[in-house]
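Visitor: Sending over a structure as structure tokens; questions will come in a sec.
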There are 2 protein chains.
Amino acid sequence: MEKKFAELKALVAEIHDLKAALALLEWDQQVYLPAGAENGRAAQIETLSGVIHAKSTAAKLGRLIETLEPADYPEDSTERALLARLRRDFAKKNKVPAKLVSQLARTTAEAHAAWVRARQAADYTLFAPHLARIVELKRRYAELFAPSASIYDPLLDDYEPGMTAAELDRIFEPLRREQAGLVRQLADRPADDAFLHRKFNGASQLAFSREVVKKLGYDFKRGRLDLTVHPFTTSFGLSDVRITTAVHAELPVSCLLSTVHECGHALYEQGIDPALDRTPLAEGASYAFHESQSRLWENQVARSLPFWRFFYPAFQKRFPKQLGDVSLERFYRAVNRVVPSEIRTEADEATYNLHIMLRYELELGLLEGRIPASELAGHWNAKMQEYLGVTPRSDTVGVLQDIHWSLGDFGYFPTYALGNLIGAEIWNAACRTVPGLEEELARGNFRVLLEFLRRRVHCHGAKYEPPVLLEKITGRRSIDSEQFLTYLKGKYSAL
Amino acid sequence: MEKKFAELKALVAEIHDLKAALALLEWDQQVYLPAGAENGRAAQIETLSGVIHAKSTAAKLGRLIETLEPADYPEDSTERALLARLRRDFAKKNKVPAKLVSQLARTTAEAHAAWVRARQAADYTLFAPHLARIVELKRRYAELFAPSASIYDPLLDDYEPGMTAAELDRIFEPLRREQAGLVRQLADRPADDAFLHRKFNGASQLAFSREVVKKLGYDFKRGRLDLTVHPFTTSFGLSDVRITTAVHAELPVSCLLSTVHECGHALYEQGIDPALDRTPLAEGASYAFHESQSRLWENQVARSLPFWRFFYPAFQKRFPKQLGDVSLERFYRAVNRVVPSEIRTEADEATYNLHIMLRYELELGLLEGRIPASELAGHWNAKMQEYLGVTPRSDTVGVLQDIHWSLGDFGYFPTYALGNLIGAEIWNAACRTVPGLEEELARGNFRVLLEFLRRRVHCHGAKYEPPVLLEKITGRRSIDSEQFLTYLKGKYSAL
């Protein structure tokens, strides 16, 4: 058995290494690829993806997984968790016919190109027929896992193991009831943020962001920070977790918040137990758990008063012309201004979940056949008005704003909102556990928070199913959206 | 047949893509890898190399290669050249037992670490036993291809198809006779290059080098220039050919010459017919041919008076404090100063080949068993004295200076000297073909040279065996070292 297990681990490590090479092809594509090399790189990505798929679904791997019984290993052991995870993934992957995989690949490649054109023309109708085909294929994909209570469940499960549409509805219900009202109330407050709309030197913003993430605990010996159009985090193993960010001269805190957000993802990966490296357990417990870490550092930390108490003097010093006459309190209020707007990625803490719920409801409508793809733009605009009181100026900043649907990523969006909720729960657990947490942060002692997260969240990687991990941290298995609402109301009532 | 050929091309393209991914892992390792990620990256490189090896020696590939007959395709066709090349490579690879491959890999990994330690201690004896084991394994490798006139021939053939030790001896004989004497004579001339030993800002050197290679024709849309410790060129397909360089504040032309050298390699790759992309023909005809292109641009161009007639004013303007009072002629003479020295990579045009011949003779002695590895350092020092009149201060700058032997790269060094010789021949052909070539270069019209090289050398990639390609360019199949000697004497008599 030990020999078989070692054989299995070698196969799994090989797949891990090839995935790392694939991730490097993709990282380099965003960061350093020469303009003329796009086609060559696309071919390389396709080829390597094919090799990885073949190895991940190989009969040899399947036989080893079959032979080894999770129950033969101690409860709570890494071996048992690894076998369970491998069984789950292998079974799921092998249920999908190769033909459907390649149809999806071709359809989404075409759809992505159409989405780019539609955005340029600000015309959703150019994208609608492609979306209809994707929805059809995603329905077929989901049906492979029938019976399921909702057609949405198997899709959601790809990102959030075990999560269901019914559970989502339960979790989102209080948000739907309270968040829109809260936003309307907060958005009426007078704004004083003109000083944020001056020009801020990009290199200085980047340098400041670099200093901050270093202070938060990001390990540059096992990572890098580079510039890209869209910020992201990628990992080539636990010793190489890279983040990227973007700089906008006229959005002075956007670079910082993006970098801290990605840093939150990276701290998670850098904190995983090295014993799990080169296995599928060497990643976050789920997409929502991953997002809980990026959002916690971005919102509960980098949009907080304690954070700016510590960092504002340095920030002000970097931008004396723009901020010399701006007090910490004015600055803090400006950074936390609530402005319902069209664009999800620029949304503040109070409005963010509304963007997600809108997308979730539309995805569900598309997949259940209640909303034809051809009519999606109208539904989008109506919901935007209902939830945020905003009507998009054009499809480009409306229904076409996100890339996800063009790539076939249905079931992904809800993990963003779940991440916010889990983040608030973990934040509460940290406040209960770490004495004087906020005072420590205001003194620049970010290590206390990182150590809490390392011990309670990060080190476990994907060893536990999300509800089990949540219970270990918070004492409750199911996600509790009330804690997020309480946090939000508390924060804004003090502003 | 067409179907089988398409199948073969698809397999070959897949291997090409995986090799590109491997090359990216290695490029990133030199350029951007975080310090703590070395082990993870080594594992990724090993895994991907294994996948590539398996695919390159797969029975399926072998059967297709067997089935398809080169003679069924028109003479001079790409198909025929590709099949011949694939047969040759496949046969060679499949002659080597997997056990020997892994023994070599393990032995050289250990030897490389020992070489690093030996350099630090300046003590060759720490490396000698490792070298002895490598020589033994390389002998065993060469014997797989018995009978061959020399044990050296199969090793040489890996880098320079068809080249033999006997042919090398014929080619090197005139160099051995004349070059050492020429060097002694040139080295006695008085030097006037104190101004080169001032401090030159590194960023300015890099910026100037970037300008120069752009002007020479390096296509930044299909490439990049980055900094590394040791400059190199790598290619991920014809649309992504990257170069790296290094900056030394106290060697002001070293960055430029290194960059131009790598640019020469890159111009070759960027000039290959796109129809050959994703096949093994999409590379240089041989190592010597590749080196002929880097050396031609580095020496015949970037160390020439016409080159500096055009570029010196800009260079002087970048460094007014250091060069404001230095005339073009003084500068040109300083750049071409002949100084026999210990280090190959810093050697001038007149002494370079002597460094190579020394290594070739020692390699041959090791492989033929005439020189025991334990006595190599003594032989090295004696030969250095004989050829260059220099005795190394220590093993670190003597027998341990190059990385090649620690990696098992026997048969590689001669291609550097062959590159110099082929470069001189191609340069002569260019001078005969392009009217007023040197005047054009002095006017900054480097395109005329690039176009000649594109048409006569680059576009063919590895379609022709090296002697066939040489004949197409120069009219002669065998390498003529006299042309290099004539070039050298002509250059230095005018100095």
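Just so you know, glycine gets a Cβ as well, placed from its N, Cα and C.
Keep in mind that this is a model prediction, so the values were computed, not measured.
I grabbed these lines from TrEMBL:
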COILED    A:1-28  coiled coil
BINDING   A:His261, A:His265, A:Glu291  Zn(2+) binding site
ACT_SITE  A:Glu262  active site, proton donor/acceptor
Visitor: Compute the mean position of the Cβ atoms of A:His261, A:His265, A:Glu291, which form the recorded Zn(2+) site, and then list in sequence order the other residues of that chain whose Cβ is within 8 Å of it.
Guide: A:Thr233, A:Glu262, A:Gly264, A:His290, A:Gln293, A:Ser294, A:Arg295, A:Trp297, A:Glu298, A:Gly419
Visitor: What's the number of neighbouring CB atoms sitting within 10 A of the CB on A:His265 (Zn(2+) binding site)?
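Guide: Other Cβ atoms found within 10 Å: 23.
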Visitor: Cα-Cα, whole number of Å: the residue listed as 'active site, proton donor/acceptor' versus A:Glu291 (Zn(2+) binding site)?
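Guide: One finds 10 Å between the Cα atoms of these residues.
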Visitor: Using a 10 Å radius around its CB, how many other CB atoms surround A:Glu262 (active site, proton donor/acceptor)?
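Guide: Around A:Glu262 (active site, proton donor/acceptor), other Cβ atoms within 10 Å: 26.
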Visitor: Determine the mean pLDDT over the coiled coil (A:1-28), rounding to the nearest whole number.
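Guide: Across the coiled coil (A:1-28), the average pLDDT comes out at 96.
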Visitor: Under a criterion of Cβ-Cβ distance under 8 Å and sequence separation of at least 6, what residues of the same chain contact A:His261 (Zn(2+) binding site)?
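Guide: Looking at Cβ-Cβ distances below 8 Å from A:His261 (Zn(2+) binding site), excluding near sequence neighbours, one finds A:Pro231, A:Ser294, A:Arg295, A:Trp297, A:Glu298.
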Visitor: Restricting to the chain of A:Glu291 (Zn(2+) binding site) and a gap of 6 or more, list residues whose Cβ falls under 8 Å of its Cβ, or answer none.
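Guide: A:Thr415, A:Tyr416, A:Leu418, A:Gly419, A:Asn420, A:Ile422, A:Gly423 - these are the non-local Cβ neighbours of A:Glu291 (Zn(2+) binding site), listed in sequence order.
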